[in-house]
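**Q** For A:THR106, A:SER107, A:PHE134, A:PRO135, A:THR136, A:ASP137, A:THR181, A:ASP210, A:HIS213, A:TYR235, A:TRP265, A:THR291, the entry in TrEMBL reads pyridoxal 5'-phosphate binding site. Among the features that TrEMBL reports, N6-(pyridoxal phosphate)lysine is placed at A:LYS236.
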Protein chains: 2
Amino acid sequence: MSRLMFQLPDLTTTTLALLDATDPLAAKREEFVLPKDTIYLDGNSLGAMPKVAALRANQVLTEQWSQDLIKSWNNHNWIDLPHTVGEKIAPLLGAAPGQVICCDSTSVNLFKVLSCAMLMQPGRSKILSQAGNFPTDLYMVQGLASLLGEQNCQLVLVDDSEDPDALERAITAEIAVLLLTQVDFRSGRLLDMQRLTALAHAQGVLVIWDLAHSAGALPIELDAWQVDFAVGCGYKYLNGGPGAPAFLYAASRHHTHLTQPLTGWMGHQAPFSFTTTYQKAPGIAQFLSGTPAIIAMSVLDAALTVFADITMQDVRYKSLALSHCFHQLVEQQPALASLNLITPLQPHARGSQLAYQHPQAYALCQALIKRGVIADFRAPNILRLGFTPLYLRYADMGNAVAILADIMDSQEYLKPEYAVKQKVT
Amino acid sequence: MSRLMFQLPDLTTTTLALLDATDPLAAKREEFVLPKDTIYLDGNSLGAMPKVAALRANQVLTEQWSQDLIKSWNNHNWIDLPHTVGEKIAPLLGAAPGQVICCDSTSVNLFKVLSCAMLMQPGRSKILSQAGNFPTDLYMVQGLASLLGEQNCQLVLVDDSEDPDALERAITAEIAVLLLTQVDFRSGRLLDMQRLTALAHAQGVLVIWDLAHSAGALPIELDAWQVDFAVGCGYKYLNGGPGAPAFLYAASRHHTHLTQPLTGWMGHQAPFSFTTTYQKAPGIAQFLSGTPAIIAMSVLDAALTVFADITMQDVRYKSLALSHCFHQLVEQQPALASLNLITPLQPHARGSQLAYQHPQAYALCQALIKRGVIADFRAPNILRLGFTPLYLRYADMGNAVAILADIMDSQEYLKPEYAVKQKVT
């Protein structure tokens, strides 16, 4: 990452074109369908569509489902799809085979691993997280507490927004489980997974990492860092389509003594024996619950082929370079002096997005979208920009910042049509 | 149903053709894509593909996701899809608006309603079901018990396979929740939902009905029969595609005092406020958890339009007529005397399938499939045949039985290639 620690000379269109010309990932853009005249800086909310995704969906419907019907479970290996997809995601996470499975939503998978982890920690009742963690992570803990009782399961939140070290200090032997998202959905701050996991383990604390904003965006080493459990999202950097199935990682050293409560038939050791008593499947299959979502999972399976011939190191390099260029271009624009970057600039401390505070962040975001730059707003005042190396160009950085500067200069964002309303992302 | 209680004259090809010619649902077959030279008697495992499903999938990928990207959540009403689909399913269930939502899998939805119901029944710990219920129903109870503790949650099974009244006798004031599947997945026996619900309520017992084998196959009156909760499957009679999202019904009288534990962000009253404390959404939305599976749910949404211009009474009539014809044809064939029907023949006591016991049921099933008649095997010795009125013809009944008789007569099913192996359905 040190390649990015020097200040680039003033970025010009020519420089950006040169960066594109020498970009080893440049050809990847051709593997996606992208709308015309759009710079898409929201791949951290919903990844763009790989061309193979549409082809695969069509194949699953018109060739498999419609023609082979129920026989497809065997003939087209539908039944293995949760494993097939899991094993395609595993290398992106630094996970050896047999530890990642594709199923359900991130929220539902959180419930499974939270339950497992709590049942492994008798005598400890506290689940520690950050107050700024993505809400569904916190809500799922609260849901589990509603079943287990507050005396057995309490969510403990640390507000480390002003004091980044507060989190580490809160990791004590009183904690049962540390639940963290690797990259903060608002600020883009990247936590040190290796260090925090080691600190937790030193206190007998189990760790669950939510990789929603990091899987497919940066190298992760779940095995090497001794992570216990992880979950993540198929529709952001993995480009699996809206509401794509999620994934779940459980370290193989835990597999034999886990009890996850969503014990559906697909997690049974012999689902087609139709016995009355649940006997969990060996290995990662024990995390399956209902019938797998074949159409959606097939689309994700196809989308993952985009990663087959690239390294996460190259992805990470370009992600940091794109965002570095973007921010340097912002700094070159006097019109943009009112934007306050809240993302740490050091490469080791940020994910694949930049977040700027501005009192008019919502209106700025709407004005950008109107001009074809798809950004994201996060309440109350954050303009969030995601950098997806597989389909963004360096030239896009120049154009996006130029448009943003023009919107600011012209006060275009003050138009009444950009006034605040609820937005869905 | 009384139209079917008389014995038809010996069924001939001509009679069957006449029934097809006067069938008010005959034109529906044209709305499906079906493989050539196939008689599909397994729509109770995986429904056939409506033509609109493939069109919709293509539209969601190539027009919505790829072109409008994140804006699609608003522009194409993705965010409302769980409600939109729920409201299309509701009339098939006899449910007034605001009580049915599409989400997750049947298994996961079972966990939600089981948890809700148990929390509503302090002092009672027993969940009563049939030993022959579909395994995932039983397994989800066992999973809930692993969290709540056996003293707070026990599965009580009644084996009513030899004594159908045993179930009613087991409904006592000791029971917290009665969990039943309306149509038995093996035998096709149809339970009297209205009577069993009333018996349960008289004992202070809450009821959960699994409609996997009945939704879209026969008229259901959840509201009129005062059902508390129901769940069901999108990929059988609703033709939503392999692993389609499931649905969940909760009677509106319960909405204000429910606590379901899979409290993901989409079930929050203000998901985009990103607050740290879960506050459940009003109404049926409280059962949402993670981000909805848009591609899969859109396919189901499209598939449901097939039901828009028909009545469940017509569907039920044809379902009973098809299966009645099938069985009468079986009885006309001396070669098929060794098939032992275990489905009750009375219309009020059976769903939309027939199940025959035969020592060689697996081999018979395989031989049928080889000849283009897609049937299903259920261990240890059941040949299961589903009758889906929207795309089956009366003529298919004649052909299917003729092929079955030929397989039996010729002993074709004894070929080694049809020997037992694990089959996925």
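Cβ atoms are placed via backbone N, Cα and C, with glycine included.
Please go over these features one by one and say how buried each is and what sits next to it.
**A** Within its own chain, A:THR136 (pyridoxal 5'-phosphate binding site) has A:THR106, A:SER107, A:LEU110 as residues 6 or more apart in sequence whose C-beta sits under 8 angstroms from its own. A:THR136 (pyridoxal 5'-phosphate binding site) carries a helical DSSP state (H, G or I).
The Cβ of A:LYS236 (N6-(pyridoxal phosphate)lysine) has 27 other Cβ atoms within 10 Å, all protein chains considered.
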**Q** In sequence order, what residues of the same chain, 6+ apart, have a Cβ less than 8 Å from the Cβ of A:THR181 (pyridoxal 5'-phosphate binding site)?
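**A** Once residues fewer than 6 apart are set aside, A:THR181 (pyridoxal 5'-phosphate binding site) is near A:GLN130, A:ASN133, A:PHE134, A:ASP137, A:LEU191, A:TRP209, A:ASP210, A:LEU211, A:ALA212, A:HIS213.
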**Q** Look up A:THR106 (pyridoxal 5'-phosphate binding site) in the DSSP assignment and reduce it to helix, strand or coil.
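**A** SS state of A:THR106 (pyridoxal 5'-phosphate binding site) = helix.
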**Q** Rounded to a whole angstrom, what is the largest C-alpha distance between any two of the residues A:THR106, A:SER107, A:PHE134, A:PRO135, A:THR136, A:ASP137, A:THR181, A:ASP210, A:HIS213, A:TYR235, A:TRP265, A:THR291 that the record assigns to pyridoxal 5'-phosphate?
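**A** 31 Å is the greatest Cα spacing among the residues binding pyridoxal 5'-phosphate.
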**Q** Please list, in sequence order, the residues in the chain of A:TRP265 (pyridoxal 5'-phosphate binding site) that are at least six apart in sequence and whose C-beta is under 8 Å away from its C-beta.
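**A** Same-chain residues close to A:TRP265 (pyridoxal 5'-phosphate binding site) (Cβ under 8 Å, separated by 6 or more) are A:PRO271, A:GLY290.
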**Q** With CB distance below 8 Å as the criterion, list the recorded positions among A:THR106, A:THR136, A:HIS213, A:LYS236, A:TRP265 that sit near chain B.
**A** A:THR106, A:THR136, A:TRP265
**Q** I want to verify one value. Collapsing DSSP to three states, which class is A:THR181 (pyridoxal 5'-phosphate binding site)?
**A** strand
**Q** Just how many other Cβ atoms lie inside 10 Å of the Cβ on A:PHE134 (pyridoxal 5'-phosphate binding site)?
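**A** A:PHE134 (pyridoxal 5'-phosphate binding site): 22 neighbouring Cβ atoms within 10 Å.
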**Q** Would you count the other C-beta atoms found within 10 angstroms of the C-beta of A:HIS213 (pyridoxal 5'-phosphate binding site) for me?
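**A** A count of 26.
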